[in-house]
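Colleague: This is the structure I have questions about; it appears just below.
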Protein chains: 2
Amino acid sequence: MCPAKVVDGVTRGFVIPIGGAEERKSDPAILKRFVELSGGKAAVIVIIPTASKLADTGANYEQVFLELGAHQAVSLAISSRDDAARADYLELLQQATGIFITGGNQLRLSTIIGGTPVAQAIRKLNAGGVHVAGTSAGAAIMPEHMIAGGPTGALPNEQGVTFAPGLGLINKVLLDQHFSQRNRLGRLLSAVSYNPFASGLGICEDTAAFIGPDDMLEVVGSGSITVVDPSGLKHSSMADARIGEAITLIGLTLHMLSSGAKFDLNTREAFPK
Amino acid sequence: MCPAKVVDGVTRGFVIPIGGAEERKSDPAILKRFVELSGGKAAVIVIIPTASKLADTGANYEQVFLELGAHQAVSLAISSRDDAARADYLELLQQATGIFITGGNQLRLSTIIGGTPVAQAIRKLNAGGVHVAGTSAGAAIMPEHMIAGGPTGALPNEQGVTFAPGLGLINKVLLDQHFSQRNRLGRLLSAVSYNPFASGLGICEDTAAFIGPDDMLEVVGSGSITVVDPSGLKHSSMADARIGEAITLIGLTLHMLSSGAKFDLNTREAFPK
């Protein structure tokens, strides 16, 4: 799904995929910046804890965002598709200046909220200027094409990644999270090479991509983002590879970006801090 | 150390780093090609088992090369610097059409043979047309700058690699072995970014780079070689990074090369099978 249409004169909100395990106490740079962006003391953060099966995930984040100075933080207890159509939840979403999607299992998230009024509302609100952050599974679901799974390892292969349709807040990148921690370069390379139209972002834990309405991405956090840009790809053996066979990919561009570095999703240029 | 000078009218031998754990029985594509290159039925393979502390490493490879049809295969029991000056060993080396350096510990190998008559002989023989293959530690020691150690992981960092001077058979590449199996992209990126003059080769197990006298590399084996070419590097934060800090590297070129693919060490162009 493509991002929802932005009405003339309106600026789209930021889309902020986080690689999981973001710092919440000692130096919560990412969440702090998200709250500030969402209005600081005036911020109303609505939390979607659906990816998690833990009962206290939503409440924990409410606490974190209030400690970071948000005016209000409320978690929507959506654990079924019916929940994702509740009028009171949709009303709360309309108050949001920032929406936060927690971690857990991205297929749980996509199967429960995919195509529901809540998903439609998140898409429209983002197009209307509301910032949407998501961590781990909550980051995975953001693109048009969501990485749902795949084997670990550094090498691409013919069965190297499983896709599912995502929320479609962004469609110029594919992304994977817990990137270095879970050794996921191989599945990002597989994803990028299945159809080399989009850049791949490998986002480390405690690291976020703040993607602005101008499609400029800025790295925030203690880790790094690995960018694989396949726009110069000259040859790929992906289509001809047998199961388990090593893959040839010629002409990828690779950037390692740490805090403050930027990447323009349109021109695919990277910039240092 | 630079490669030894090639005399006019003579063609340098191949340099063949192998990523370790090469197949020796069922489909020994790499070792078979090495024996064929070294003369097949006329091949005289001299084995340097010094990196290994196991007593039977040399004898095992003698057996393998004889089974692959070599005329002669002899292992030199070099386990001290004195051994590496023995006249009988130097005489045997002069008979070699192919030299094979086994795996083990590359620092053991470099501390024992570095600067000895055996090391000098290997360099001169290679310049004179004798092919030199090495697996794991035996591959690590081949370049001018040898990767001696470093942490595992996908990300470069300021203390991400330890170098030691190598044998200097090749000086246009840095290389690491057991590459995907031991998750070594981070230390290859660190190595390449310390001084971005050379391309980095990450060689998987059961995979070899057959580097010809024309500096054309061909991949042989069941895995792949990850090539990181820093010649287009536009920015590196390596010099300014504090210990443990994430690194920014902008503008690397990345190729994944499987069996039959080639890479020209001079032009840094990659070619599919």
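Keep in mind that glycine also has a Cβ here, set from the backbone N, Cα and C atoms.
According to TrEMBL, the protein carries these features:
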- A:S136: active site, charge relay system (ACT_SITE)
- A:H178: active site, charge relay system (ACT_SITE)
- A:E205: active site, charge relay system (ACT_SITE)
Colleague: Count the other Cβ atoms sitting within 10 Å of the Cβ of A:H178 (active site, charge relay system), across every protein chain shown.
Modeller: 19
Colleague: Counting Cβ atoms within 10 Å of each candidate's own Cβ, which of the active-site residues A:S136, A:E205 comes out highest?
Modeller: A:S136
Colleague: What is the interatomic distance between the Cα atoms of A:H178 (active site, charge relay system) and A:E205 (active site, charge relay system), given in whole Å?
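Modeller: Distance (Cα to Cα, whole Å): 5 Å.
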Colleague: Take the C-alpha atoms of A:E205 (active site, charge relay system) and A:S136 (active site, charge relay system) and report the distance between them in angstrom, rounded.
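Modeller: That separation, Cα to Cα, works out to 8 Å.
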